[in-house]
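For reference, Swiss-Prot has these:
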REGION    1-229  region 'Pyrophosphorylase'
BINDING   11-14, Lys25, Gln76, 81-82, 103-105, Gly140, Glu154, Asn169, Asn227, Arg333, Lys351, Tyr366, Asn377  UDP-N-acetyl-alpha-D-glucosamine binding site
BINDING   Asp105, Asn227  Mg(2+) binding site
REGION    230-250  region 'Linker'
REGION    251-456  region 'N-acetyltransferase'
ACT_SITE  His363  active site, proton acceptor
BINDING   Ala380, Asn386, Tyr387, Ser405, Ala423, Arg440  acetyl-CoA binding site
Amino acid sequence: MLNNAMSVVILAAGKGTRMYSDLPKVLHTLAGKAMVQHVIDAANELGAAHVHLVYGHGGDLLKQALKDDNLNWVLQAEQLGTGHAMQQAAPFFADDEDILMLYGDVPLISVETLQRLRDAKPQGGIGLLTVKLDDPTGYGRITRENGKVTGIVEHKDATDEQRQIQEINTGILIANGADMKRWLAKLTNNNAQGEYYITDIIALAYQEGREIVAVHPQRLSEVEGVNNRLQLSRLERVYQSEQAEKLLLAGVMLRDPARFDLRGTLTHGRDVEIDTNVIIEGNVTLGHRVKIGTGCVIKNSVIGDDCEISPYTVVEDANLAAACTIGPFARLRPGAELLEGAHVGNFVEMKKARLGKGSKVGHLTYLGDAEIGDNVNIGAGTITCNYDGANKFKTIIGDDVFVGSDTQLVAPVTVGKGATIAAGTTVTRNVGENALAISRVPQTQKEGWRRPVKKK
């Protein structure tokens, strides 16, 4: 079906009193992303020409959090109902476009459902998203005559008979821009709440002989709103369960789907294995046969084929070539790069550092602002001293270097190919190729030495 141009209005003016938070409700996160951002992303994926965000409480925080989005900001200074919110956005509606109304606290609405709603909207009429609930208490009821939608009655305004209706309004609808503006201008606040209800446009459309078509979402969770942290946590579990199911069906082995969190996008190869309590954040790529141990956090990183990440390792903004091994308890910070077959062991931290092919950093080491060649062995307790309190400097270590334990490399410094650094050395000058650098104080020995003894 050929669709008209479409713009989206997202209502996000509510304070969210029941969240007990200084943060606007729609900025609370689900799967690591603000609820309203999920809705904005859906609108953009649907091809919205414009996204109008109606805001009120916490406007500065909203603008700061969503500054990278191409949004039209619409202020609703007083929260006088959904109809009033739409009235604030109405001056921006084009007559020949469709207007889709969404909510910033309904984060799991799917693009597929919205596209079906868009396709179902009759010419000159309204497409309405509805669901049937066993217990519809508190929701606006869909009224029908001979099967046709005639209106929506809010729960507080409904008669006892109307309250028996199980089909309820989700609040999501689509209509033509010119029609929407005309109906919005006719709204009144003559109701129990003293508010302007967007739902009243359904009756107005019916009175004009316009067709109203109801569409149901694929899943109830798509239209569930969030008013408190309990509801948010429940939707988080729903979302994570859905993501885990998709990954399992795509061939990823999740040892316990209930203990896996995806807070971004995961691209993966074949035969990937992920143990319990792993968190994936941002954009992550896992190659073929990657294994991730329990308790790991992987963020905005690329992990090559046949890599193994042992338990409780944190990898952020890093790149690993094939067949690397990391951890347990390792930390790769932004700018860390491991070439093929490199090894980073327990309690090793890397930042803005490259580790060459086959090189090994076994344990208890910090490598920052460093470039390390191939087949290098870094002993335990090695530190690149890259910061003088004001500026950072680089350490360069050539191929086939052996660095003994408890070595400090005071940058800027270069260690030539094939050099050896003796254990306990503080390197302050460049070391030539194949040279031995040693700076230990000569050992002295006193025979028959007795330790002092405390007097009783």
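Note that Cβ sites are derived from N, Cα and C of the backbone, with glycine treated the same way.
Quantities reported herein were computed from a predicted structural model and do not represent experimental measurements.
What Swiss-Prot annotates, mapped onto the structure for a quick look.
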{"residue": "Gly14", "record": "UDP-N-acetyl-alpha-D-glucosamine binding site", "contacts (Cβ under 8 Å, 6+ apart)": "Pro24, Lys25, Val26, Gly56, His57, Gln79, Asp105"}
{"residue": "Gly81", "record": "UDP-N-acetyl-alpha-D-glucosamine binding site", "contacts (Cβ under 8 Å, 6+ apart)": "Asn189, Gln193, Glu195, Tyr196, Tyr197, Ile198"}
{"residue": "Glu154", "record": "UDP-N-acetyl-alpha-D-glucosamine binding site", "contacts (Cβ under 8 Å, 6+ apart)": "Gly140, Asn191, Ala192, Gln193, Tyr197, Thr199"}
{"residue": "Arg333", "record": "UDP-N-acetyl-alpha-D-glucosamine binding site", "contacts (Cβ under 8 Å, 6+ apart)": "Glu316, Asp317, Ala318, Glu349, Met350, Lys351, Lys352"}
{"residue": "His363", "record": "active site, proton acceptor", "contacts (Cβ under 8 Å, 6+ apart)": "Gly345, Asn346, Phe347, Val348, Ala380"}
{"residue": "Asn377", "record": "UDP-N-acetyl-alpha-D-glucosamine binding site", "contacts (Cβ under 8 Å, 6+ apart)": "Ser359, Lys360, Val401, Phe402, Val403"}
{"residue": "Asn386", "record": "acetyl-CoA binding site", "contacts (Cβ under 8 Å, 6+ apart)": "Gly368, Asp369, Ala370, Lys392, Phe393, Lys394, Thr395, Ala411"}
{"residue": "Tyr387", "record": "acetyl-CoA binding site", "contacts (Cβ under 8 Å, 6+ apart)": "Gly368, Phe393"}
{"residue": "Arg440", "record": "acetyl-CoA binding site", "contacts (Cβ under 8 Å, 6+ apart)": "Ala422, Ala423, Gly424, Thr425"}
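Around the Cβ of Asp105 (Mg(2+) binding site), the number of neighbouring Cβ atoms within 10 Å comes to 23. The distance from the Cα of Gly104 (UDP-N-acetyl-alpha-D-glucosamine binding site) to the Cα of Ser405 (acetyl-CoA binding site) comes to 55 Å. Across the region 'Linker' (230-250), DSSP helix (H, G, I), strand (E, B) and coil residues number 20 helix, 0 strand, 1 coil. Sequence-distant neighbours of Leu11 (UDP-N-acetyl-alpha-D-glucosamine binding site) (same chain, six or more apart, CB under 8 Å from its CB) are Val54, Thr82, Ala85, Met86, Met101, Leu102, Tyr103, Gly104, listed in sequence order. Cα of Asn227 (Mg(2+) binding site) to Cα of Ser405 (acetyl-CoA binding site): a distance of 56 Å.
Ranking the binding-site residues Ala380, Ala423 by how many Cβ atoms sit within 10 Å of each one's Cβ puts Ala380 at the top. For the binding site of acetyl-CoA, formed by Ala380, Asn386, Tyr387, Ser405, Ala423, Arg440 according to the record, the largest Cα to Cα distance is 23 Å, rounded to a whole number.
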